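> The following block contains the structure, expressed as structure tokens.
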Amino acid sequence: MTKYNWDERHIITFPEKKLALETKDLHVYYGQKEAINGIDMQFEKNKITALIGPSGCGKSTFLRSLNRMNDTIDVAKVTGQILYEGVDVNASNINVYEMRKHIGMVFQRPNPFAKSIYKNITFAHECNGVKDKQTLDEIVETSLKQAGLWEQVKDDLHKSAFTLSGGQQQRLCIARAIAVKPQILLMDEPAASLDPVATMQLEETMFELKEDYSIIIVTHNMQQAARASDYTAFFYLGDLIEYDETKKIFQDAALQSTSDYVSGRFG
């Protein structure tokens, strides 16, 4: 078994680029166990960043901390800063529900509401008092077009979301997330339950979405990370080990551990 120097780091920063998000000394604890060990990380605006690493390395925990999904776990504690447009969204005075309108989440398994396709998109707006049908119609059409689903469902908008295939349901969940106009989309293994065709369609949707959104995706699929992302970050045991342009990570990684992981020789 190869021995690696886990004190080595290679982490890119973006001093001259527009940032979508930045973490400073971010720690996540579950009870007494530290799951994320003080991560400093910057995300460039309108790019796709992939988070990779072995199961249990902390990448999903880190992702969920970025819009405070870990708040729902009683024993979880998050310290450090999560900076969005200069505001620390980890601060105690932040309205979490308002913040999530700016930093949306798409989960591993499609989770459409038990409503029509149309109502899945308009639900949040209607809850906030939007009633004008023309406005809602425009939101539905725009969101479904951006998610690459409009042409497939435009004649079936009032059918149950559960009539859609798995891949279509996942794109509906993306449409639902972007309907409230977030700046950032967090995706936790969004293709894990999809077949190869649906996965490719999802990746094509991501390429189109990055024109308007910054995307951070957790994936176990190295081919997907290589194909679909601009930057890749390698996590191990709660630490950010290497972070660079995806091409460099997969073709000329700075660290042996990263090179071995992406090439399947890790261990």
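Heads up, the Cβ atoms here are built off N, Cα and C, so glycines get one too.
I grabbed these lines from Swiss-Prot:
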DOMAIN    21-262  domain 'ABC transporter'
BINDING   GLY53, PRO54, SER55, GLY56, CYS57, GLY58, LYS59, SER60  ATP binding site
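Walk me through the surroundings of each of these features.
Sequence-distant contacts of CYS57 (ATP binding site), defined by Cβ-Cβ distance under 8 angstroms and a gap of at least six in the same chain, are PHE235, TYR236, LEU237, GLY238.
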> Among the binding-site residues SER55, SER60, which residue has its Cβ surrounded by the fewest other Cβ atoms within 10 Å?
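If we count Cβ atoms within 10 Å for the binding-site residues SER55, SER60, the smallest count is at SER55.
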> Excluding near sequence neighbours, so keeping only residues 6 or more apart in the same chain, what lies with its CB under 8 A of PRO54 (ATP binding site)?
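Those within reach of PRO54 (ATP binding site), by Cβ under 8 Å and sequence separation of 6 or more, are TYR236, TYR261, PHE266.
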> With every protein chain in view, what's the tally of Cβ atoms within 10 Å of the Cβ of GLY53 (ATP binding site), excluding that atom itself?
24
> Name them in sequence order: residues not among GLY53, PRO54, SER55, GLY56, CYS57, GLY58, LYS59, SER60 whose Cβ is within 8 Å of the mean position of the Cβ atoms defining the ATP site.
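The answer, listed by sequence position, is THR61, PHE235, TYR236.
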> Relative to the Cβ position of LYS59 (ATP binding site), how many further Cβ atoms are located within 10 Å?
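Other Cβ atoms found within 10 Å: 27.
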